[in-house]
Amino acid sequence: MIYFDNAATTKAFPEVVRIMEEAMQVIYGNPSAKHIKGMEAENLIKEAQDVIAKSLKAKPGEIFFTSGGTESNNTAIIGTAMKNHRRGKHIITSRIEHASVYEPMRFLEEQGFEVTYLDVDKKGYLRLDELEEAIRPDTTLVSLMFVNNEIGTVQPVKEAGEIIKKKNPETVFHVDAIQAYGKMPITPKNMKIDLLSMSGHKIHGPKGVGFLYVREGTKIQPLIYGGGQQKGMRSGTENVPGIAGLGCACRLMIGEQYENADKIRKIKEYFQERIQEIDDIIDNSGEAPHIASISFKGLRSEVLLHALEEREIYVSSGSACSSNKKQPVSGTLNAIGLPDEYKDGTLRFSFSLENTKEEVDETIEALKELVPMLRRFVRR
Amino acid sequence: MKVTAFLIKYGEIAIKGKNRFMFEDALMRQIRFAMKPVGDFDVRKESGRMFVEGRGDFDYDEAVEALQKVFGIVGICPMVVEETKDIDHLRKTVLAFIDEQYPVKDFTFKVHARRGDKQFPMTSMELNMDIGEKLLDAFEGLKVDVHHPDVMVNIEVRKYIYIYSQEIKGPGGMPAGTNGRAMLLLSGGIDSPVAGYMIAKRGVRIDATYFHAPPYTSERAKQKVVDLAKIVAQYAGPIDLHVVNFTDIQLAIYEKCPHDELTIIMRRYMMKIAEHFAKEREDLALITGESIGQVASQTIHNLAITNEVCELPVFRPCIGMDKQEIVDIAEKIGTFETSIQPFEDCCTIFVAKHPVTKGNLKRIQKSEEHLKDVIDDLMKEAIDTTEVIHVK
């Protein structure tokens, strides 16, 4: 079995599983309880906060736990828009965002907010001059993704942060770092980031947990109300096992961040080199260490995906998150202006520490057989 | 007064002459099968009536829902059973039953007693008057209306006394297994599960054949068909689902035959394969979800061409129905939500932009000549590699 779908989700580290089991079987107190069982659970949360804060050169109090990337993005976007709606109703984002950014934007448009969608160039990068032009006195939020989930472009986040704060210091800067965290250094303060979203299962942690970094002094309206946990920012008994697992995954990923990223990058580069042996392809990959995006001329990505699946090689078409929708071609793939005969045939290969060069070899051999065979039977 | 039993009314099967016992036994068998997950029930016949009586506690709604899926049942009457044949006792029971069943006491009623046990001290007429009077005394809002009552209070004095007042509609039809077996061509669409349901309703046991075409169709598409078979099986009983790998046949047709005839030719081979399994299992007919004119391959011309390859009769219960009528049934039986999940099935992959709508049998047969070197092997391969999933 070859798992090249690590941008969709990853296998949990064994240490993560162990600590989660402990959090359910041994340290199972409610962190809000006044007795020692509660305190033990609270300490697990604090440990996770510490690890994560350190990885971002941030303060523990700036880390809020959520149910994952989607909730983090929703909280950041809707929470900021609601909190600042008297000051302004203008928001900026890009055309290549994930659905968990795009859909909250659509919701806000229905509520009377104005959203500017920035275009990207043919390689999938933001144009900073367009960003600068778009910022207005009533712009309350700019939301940009760090690493694109479909093609792996790394956006110039630091430069964007500079421009935003220079033009309008009041504008809140949110960064969706779900594909970036653990793959490259992120320092929100340095990058002028106010809000940053992250998800646990992309870095060998558990599903159903993530965090939102909220820079001290940034005010957002909570989405979820109740018992006032996490300073009222996100009510509900904390997902202690998830948080403990998340903290553990962060510690393991960040500890050797640069080496890890390098190891993954080597696999990806080897893949990019060998994929050139296949005719009529376009390599859309950006510089993220773990994501390769390849468009195959005249093929339907789903068919090639299932053909690889028969050989136990698992990849994504476009991105798994948007695959459920009826729109066959993704926003990002449209935005980078792929020729029509390539658009339908894009696969995403995404790598992790567990992958090897041998797996790449095997995959390339499979593609060499399958691609010409499937190209014989395209829709006439 | 909790409902402890159900009186089962069955219309059609009661008139089947000498076969009546066979039908009744089949119905009892199906009821026992359907009630097994609900609890412990005694199912029995008693002078032309069928009773389903709980031996212990059971969930009322679950029980009714299970009975509503048993073909052959026309009506389900929730009732209480009174074992003591004492008039005072009976009066109390009826009052408690009415009190429980109708929280708002504002309706007209009629008592309809039937004395089967002539040992019982009151005649039917006397019982009607006595119980009616007690009800009027007990509940102020009640009035008697012997012609068009809102509520008919039935009291049947037999081995025990049975009291019931309402009838819940059953699905009708005939009990499963009373009319042989047939092979359903099941796709992931809306129509074929409905067709299977409709034929099963006539007492026919169902086998099924599904054609999948990896890598052009996904595991999820296959799972969807298994899920649909499971829903149909709730009514029809267990289904043996034959999953045929159709890719190579489809590709051969695609390569060698005119593109605009692809769908018709494909369907002819599907019929042949389904018929092969049907004969193997001694099924007496094929079932499809076809409806005249719904798509290009279902014009009356093309249906005739598809039909031409079959020796067994092909039942098409949706043939005269509009899409909406089929959808209505799919929603009623619970297959619709599953059917509309968006996975490609093998019919949609290679569809021509302008498929033939008035196929010509001679021309189609001529096109099929192009396949003659390969098709026998491909058919054999497809049949030999077919996976059979027992769905229940």
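Keep in mind that glycine also has a Cβ here, set from the backbone N, Cα and C atoms.
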TrEMBL ATP site partner of B:LEU185, B:LEU186, B:TYR210, B:PHE211, B:ARG267, B:GLN298, selected from B:GLY177, B:GLY203, B:GLY289: B:GLY289
ATP site span - longest C-alpha distance across B:LEU185, B:LEU186, B:TYR210, B:PHE211, B:ARG267, B:GLY289, B:GLN298, in Å: 18
Other CB atoms within 10 A, centred on B:PHE211 (ATP binding site): 28
Local Cβ density at B:ARG267 (ATP binding site) - other Cβ atoms counted within 10 Å: 23
B:TYR210 (ATP binding site) in three-state DSSP notation: strand
Residues of the domain 'THUMP' (B:61-168) by DSSP state, where helix covers H, G and I: 37 helix, 30 strand, 41 coil
Averaged pLDDT, computed only over the residues in the domain 'THUMP' (B:61-168): 93
